[in-house]
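Here is what TrEMBL says about this protein:
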BINDING   55  NADPH binding site
BINDING   68, 69, 70, 71  NADP(+) binding site
DOMAIN    2-94  domain 'Pyrroline-5-carboxylate reductase catalytic N-terminal'
DOMAIN    159-252  domain 'Pyrroline-5-carboxylate reductase dimerisation'
Ligand SMILES: NC(=O)c1ccc[n+]([C@@H]2O[C@H](COP(=O)([O-])OP(=O)(O)OC[C@H]3O[C@@H](n4cnc5c(N)ncnc54)[C@H](OP(=O)(O)O)[C@@H]3O)[C@@H](O)[C@H]2O)c1
């Protein structure tokens, strides 16, 4: 398989490192020179990474083209590129719909959207794709698991869900900073919370059939400290803030259509 990445940033690097660590045979990866330090490092680390200046050349030399530039500059970068229908295009670009991308290309392309997350580098990803696309499933299954959305609205809900990574670290930061302010060394607080959430995540992954809401009381002794924490979190608007964040992301994605 010959892959080409237009945009060699954070998420392209994660995908490329994950793919080279996977069982797939990747014959060649073409990347754009932009983010020169990163593309140069990839070419040093992997002998079959080729750095090219011209995005059309990346397309011409690849069977699968991954679009990974930021949405703000995407039209400028992509409009006018010629992509034959026999090539697979996987767009990672947030908020840009099939309709918009097809309009920019001015021709039909074999297009699939995907949301790989940074830990695809460790092949631990969970990548939502839409629509079903055999090549995309093969690639992203090699670097984690794939969830195939049946509709664009469903795909957007995974986009909303994937945008909770910052909330996760904001929560960890808030929790560990409280301990640090009380006198615990920062490193100890961070190690504690990282391990606590790792254990909880393990439990959650092993019980995906059980509603999370039912797992709350299982982790809260009646009248105990965990129950008290949940009550304060809910009463002080913690739950409302999470829902407001998700609703606002949904509105932004709908507004982009
Ligand atoms: N990061 C994530 O977790 C994640 C997850 C899923 C999807 N995405 C999506 O993936 C896309 C990339 O995200 P990112 O986090 O990887 O961003 P990023 O690190 O900023 O990477 C964007 C890359 O595009 C390059 N670029 C700019 N203009 C270009 C051009 N004319 N031709 C070729 N390359 C050009 C930039 O190079 P310069 O540095 O030289 O400008 C940079 O290497 C975004 O649309 C984002 O929504 C990101």
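Placement of Cβ uses the backbone N, Cα and C atoms for every residue, glycine included.
Keep in mind the model is a prediction, meaning the values are calculated, not measured.
Here the features listed in TrEMBL are placed on the structure.
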{"residue": "55", "record": "NADPH binding site", "contacts (Cβ under 8 Å, 6+ apart)": "6, 32, 77, 81"}
{"residue": "68", "record": "NADP(+) binding site", "contacts (Cβ under 8 Å, 6+ apart)": "5, 6, 7, 8, 9, 11, 12, 15, 92, 93"}
{"residue": "69", "record": "NADP(+) binding site", "contacts (Cβ under 8 Å, 6+ apart)": "6, 7, 9, 77, 78, 93"}
{"residue": "70", "record": "NADP(+) binding site", "contacts (Cβ under 8 Å, 6+ apart)": "7, 9, 93"}
{"residue": "71", "record": "NADP(+) binding site", "contacts (Cβ under 8 Å, 6+ apart)": "93, 94, 95, 96"}
Using DSSP, break the domain 'Pyrroline-5-carboxylate reductase dimerisation' (159-252) down into helix, strand and coil residues and give each count.
76 helix, 0 strand, 18 coil
By DSSP, how many residues in the domain 'Pyrroline-5-carboxylate reductase catalytic N-terminal' (2-94) are helix, how many strand, and how many coil?
36 helix, 22 strand, 35 coil
Which residues, in sequence order, are found in the same chain with Cβ within 8 Å of the centroid defined by the Cβ atoms of 68, 69, 70, 71 at the NADP(+) site, excluding those residues themselves?
7, 9, 67, 72, 73, 74, 77, 92, 93, 94
When the pLDDT values for the domain 'Pyrroline-5-carboxylate reductase catalytic N-terminal' (2-94) are averaged, what is the result?
96
